[in-house]
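For ASP430, the entry in TrEMBL reads active site, 4-aspartylphosphate intermediate. Annotated Mg(2+) binding site per TrEMBL: ASP430, THR432, ASP852, ASP856, in sequence order. Annotation source TrEMBL lists ATP binding site at ASP430, LYS431, THR432, GLU533, PHE574, LYS597, ARG631, THR711, GLY712, ASP713, ARG826, LYS832, ASN855, ASP856. For 53-119, the entry in TrEMBL reads domain 'P-type ATPase N-terminal'. TrEMBL lists 878-1132 with the feature domain 'P-type ATPase C-terminal'. Among the features that TrEMBL reports, region 'Disordered' is placed at 1141-1168. What TrEMBL lists as transmembrane segment is 113-131, 314-336, 356-382, 909-930, 942-962, 992-1011, 1031-1049, 1061-1083, 1103-1125.
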Amino acid sequence: MPPVTFHSPMYFVDNVLSLNTNSYSNSCTFYHLSLTSVENRRIKRITEVERIVKANDRDYNEKFQYADNRIHTCKYNILTFLPINLFEQFQRVANAYFLFLLILQLIPEISSLTWFTTIVPLVLVITMTAVKDATDDYFRHKSDNQVNNRQSEVLIDSKLQSEKWMNVKVGDIIKLENNQFVAADLLLLSSSEPHGLCYVETAELDGETNLKVRHALSVTSELGAEISRLAKFDGIVVCEAPNNKLDKFTGVLSWKDSKYSLNSKKIILRGCILRNTSWCFGMVIFAGPETKLMQNSGKTKFKRTSIDRFMNTLVLWIFGFLVCLGIILAIGNSIWEQQVGDQFRAFLFGNEGEKNAMFSGFLTFWSYIIILNTVVPISLYVSVEVIRLGHSYFINWDRKMYYSGKATPAEARTTTLNEELGQIEYVFSDKTGTLTQNIMTFKKCSINGRIYGEVHVDSAQKTTTKRKEPVDFSFNPQADKKFQFFDHSLIESIKLGDPKVHEFLRLLALCHTVMSEENGAGQLIYQVQSPDEGALVTAARNFGFIFKSRTPETITIEELGTLVTYQLLAFLDFNNIRKRMSVIVRNPEGQIKLYSKGADTILFEKLHPSNEDLLSLTSDHLSEFAGEGLRTLAIAYRDLDDKYFKEWYKMLEDANTATDEQDERIAGLYEEIERDLMLLGATAVEDKLQEGVIETIASLSLANIKIWVLTGDKQETAINIGYACNMLTDDMNEVFVIAGNTIVEVREELRQAKENLFGQSRSFSNGLVVCEKNQQLELDAIVEETIAGEYALIINGHSLAYALESDIKNELLELACMCKTVVCCRVTPLQKAQVVELVKEHKNAVTLAIGDGANDVSMIKSAHIGIGISGQEGLQAVLASDYSFAQFRYLQRLLLVHGRWSYFRMCKFLCYFFYKNFAFTLVHFWFGFFCGFSAQTVYDQWFITLFNIVYTSLPVLAMGIFDQDVSDQNSMSCPQLYEPGQLNLLFNKHKFFICVAHGIYTSLALFFIPYGAFYDTVGEDGQHIADYQSFAVTMATSLVIVVSVQIALDTSYWTVINHVFIWGSIATYFSILFAMHSNGIFGVFPNQFPFVGNARHSLTQNYIWLIILLTTVASVMPVMVFRFLKVDLYPTLSDQIRQKQKAHKKERPLSSRRPQTHRSSSRRSGYAFAHQEGYGELITSGKNMRTKNPPPTSGLEKALYNSTSWIENLCKKTTDTVNSFSQDKTVKL
């Protein structure tokens, strides 16, 4: 081994001091630092080239300032909450706008409204938002404290001491026990298993629940569990700097003047769980935020909806509009003061000097800015928060999203993103635990041309399932009680001694990498490296061929009650190229047999020509199995001659010791012996999808939502789940697989895929290279619509890494977005987030990420909407999410019902609100031309104060919370209704300007109709009624009635609450109006309520009511005519469905149940989808086996060995079940 040079970690000067991101802080709480301390922290290690760690020496390691094991995912602490939260809130332009107005209102010379009308609602909105943010962060603190305070046994001062996780330091040696979480990234030193092996579950890292093997160096495994020897261990590790690559680790251990190479197989990562290992010891290499798990965790981001961002733009536009109006009115004031005011100023101001017209215009400008600010009142934002809160409660209360299996309701963990749920274009989904249950079940098999299992018969496009009672396995004392099989004929074939059936089950019991052990009750427990193998071995076990135990040289199984030990001669391991595995065994009769199972496409090429007829029949069966979404394997065997095997084995030994082309020679020998096989049949295993996954994906696809699967699983696993979910089908024109190992290969594969996608007709594509990237993407967005056919893209994690870190990521995105389905496999958590960010950045689309494990947290935080599934992998995803529920199928209802409704309601609310307030406010602008531009308000000041918070607040809230255009059943059954949200059709620039125009028209009618009617007019009794106060009351009453009638026209779904709020608001207006104009309140507050008696005087005049009626009709009638013609001539899809709803209102409601979606893929699965190469070597070397007594000495096995009633029980049970099977003629539809 070449010598290793020790380099000191490099330190650089960081000019920017960032205390809140200092990952080396010992606490989440930020302490007060002296100036000297601050200056010292300016020198901060930002680039670590390599890491040096010395075991059991904290003093040595502390000089490198490595991070401790404390983590914090929170955003705030007590000291930083107020400044950071206020900074985030005032990023919302509206809040800054209202703060600016508040400052203006505090200046007496220009204030035309009192300051408390702005400060009270502003403080209310900021306080409500701050409380919500503080609550969210409190739960993050709580989660962090729960993790940081977990206990771990640490070797300190030559003895094991219980320490909190947050106190663990780099270089410490800690002890882990079975089923315990790993506290930090550890170098495995020793374990309870032979040869220093240990087993870990990595579900939180890559989503896989199958166990992984890690093994210690032989030199450290000798340390065992002796505390004294471990305490004296002083090895030095030089390794890579902290990074986010989960599957890579390079380093060297130096100890006792020797150096030992380290790789990822020697490292146990934080987030893993120790399984099937009593104990192990490890040395901490990376801790806390420097662990690979935390390096893959994205930061908590401040999320805002697209409507929020658009509102920021609108506020700027409106402010610019107000400035223009203010300038016009200010100029008018200056002109009026100069031309008209001079003529009678002497009468008004007495001896006061001449007033400057320009200065008067300047003051008037600011006065009108204050008066006209009600175009965007603070109550708008209060109402928005209340509506979002209501929508969140609807999600929480939805019983159709409640999972009774775990008593888990859906939960809206944020209240600010609901309407964004109605605009999703891309869904990024994890696979394991999200789409699947990761439970493999043996469903069917084909043996010697005959199918055993459930029988599906297609007739008249309906599926009839002939399902009997499950087979009773009580005759088998070692049967797995969870296993169910419904075809009794297989038991009958076993009882009759069919040799092919016996050989088939014998192969399943022998050809695998499963390990067995007995628990305390004497029951067999299988430790499986892949769930596929577990399903096959469990099936053989239930049918009487029970795998009992293995040694490096033997495999012992129990065949129908008789223990049989086979000599294991050779193990031909699985790999991704071979896609098969084989064992060569010698049975007690001395016969040598090769048993093989693998992908049918590979194994069928190895068959003897005599299998032609059986091959054709089995191939048809495999197509049938795969069409139902089952994962299939072909099963075959070969009888070997003793002499031939010895010659072959001698060549294999020579190949294993060869120094050149070793792998190629071994592969060639495997090919040599795995030929002329005799076909036995095939197996069909179901990787259980979560309930409703297929229907949900189909429905979301109809809603034009693209679903990308991002998984840590292997390529074969991901592809087959894609077929099982009908995301991949045989009808697709082509499935592109990107698996290049270099950037050049990836670029070439992407180029070839694009050529195949576009065909030779797109010869002009070469000319696009010189275009700007944005122009290229815009062009591709157009071309995307013209792509004929359906395509899919599969890309591996290593290829994705090259694509994301280079200049070809735009090419990848272009290709991916033109494919119907995209599957990224073997991706790290950080790569998941990078894919999401790529789409967010370049497609300007709303994204949603959904997952159930810690490995999904990064993409959940990166997406616009993050959804956590409370599944089998802990609550990390839920804690980081914006919404959570228990099953993937609830995503359909969340988006198509709650999301669509929330978007529809919010857009309708905003359109009405802007219309209402433009109509209310612009009357002041028209009045300015008739009041000398004096900034006098046309309404009573109390009406201005109460209009948005009392008179019109509740009706618009009721519409924003309860309104719906179509029912939830129709929203689910017609996913196309979702598309307006994706295209942002309901509230955009065009809609906003229509609302503004509508409001301007209404303000003109509100002002000029009463003005014209009042001009030179007297009352019925001859009294003068054309005074300012009567004019103000008439306009205010007309406004309240007009906007109430308008919201009644806008309401699509009437409830009791809508009726009470709309008509009650009008009644409230009149009640308050008469109260404020009464003699009593004038007597108490004469300066505050000067309009004494005016309401009673004005509203008793018939003439006034005619004016109000005329104003209402003139304001509303054009809108009614326009909407009637639009619905009648150009109805939208929701208009059509709403008409059908009304027509069928008295009939039975439309069923929300969609036609059952059947899997139609004829794809056949490759073998061992979660399998890893190398297990064969572990088995034959015996490294993964504990020392055991010979099998017959086991109490359980001895009892079974001596039992003579096992086969009799089998025969008896079989006879009974077959008889009942033949008598049962029931067919379930």
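Using the three backbone atoms N, Cα and C, a Cβ is placed for every residue, glycine included.
These numbers come from a predicted model, not from an experiment.
With a cut-off of 8 Å on Cβ pairs spaced 6 or more residues apart, the transmembrane segment (942-962) and the transmembrane segment (909-930) reach 3 or more such pairs and are scored as touching. Taken through DSSP, the domain 'P-type ATPase N-terminal' (53-119) splits into 31 helix, 2 strand, 34 coil.
When the binding-site residues ARG631, ARG826 are compared by the number of other C-beta atoms lying within 10 angstroms of their own C-beta, ARG826 comes out lowest. ASN855 (ATP binding site) sits 11 Å from THR432 (Mg(2+) binding site), counting Cα to Cα. Packing around GLY712 (ATP binding site) is summarised by its Cβ count: 29 other Cβ atoms lie within 10 angstroms of its Cβ, all protein chains included. Cα distances from ARG631 (ATP binding site) to the recorded positions ASP430, THR432, ASP856 are smallest for THR432. The highest number of surrounding Cβ atoms within 10 Å, among the binding-site residues THR432, ASN855, is found at ASN855.
Rounded to the nearest whole angstrom, the C-alpha distance between ASP856 (Mg(2+) binding site) and PHE574 (ATP binding site) is 29. Local packing around the binding-site residues ASP852, ASP856 was summarised as the count of other Cβ atoms within 10 Å of each Cβ; on this measure the leading residue is ASP856. For THR432 (Mg(2+) binding site), the nearest neighbour among the binding-site residues PHE574, GLY712, ARG826, judged by Cα separation, is GLY712. Ranked by Cβ neighbours within 10 A across all protein chains shown, the recorded positions ASP430, PHE574 are led by ASP430.
It is 13 Å from the Cα atom of GLY712 (ATP binding site) to that of ASP852 (Mg(2+) binding site). The two recorded residues, ASP430 (active site, 4-aspartylphosphate intermediate) and ARG826 (ATP binding site), show a Cα separation of 11 Å.
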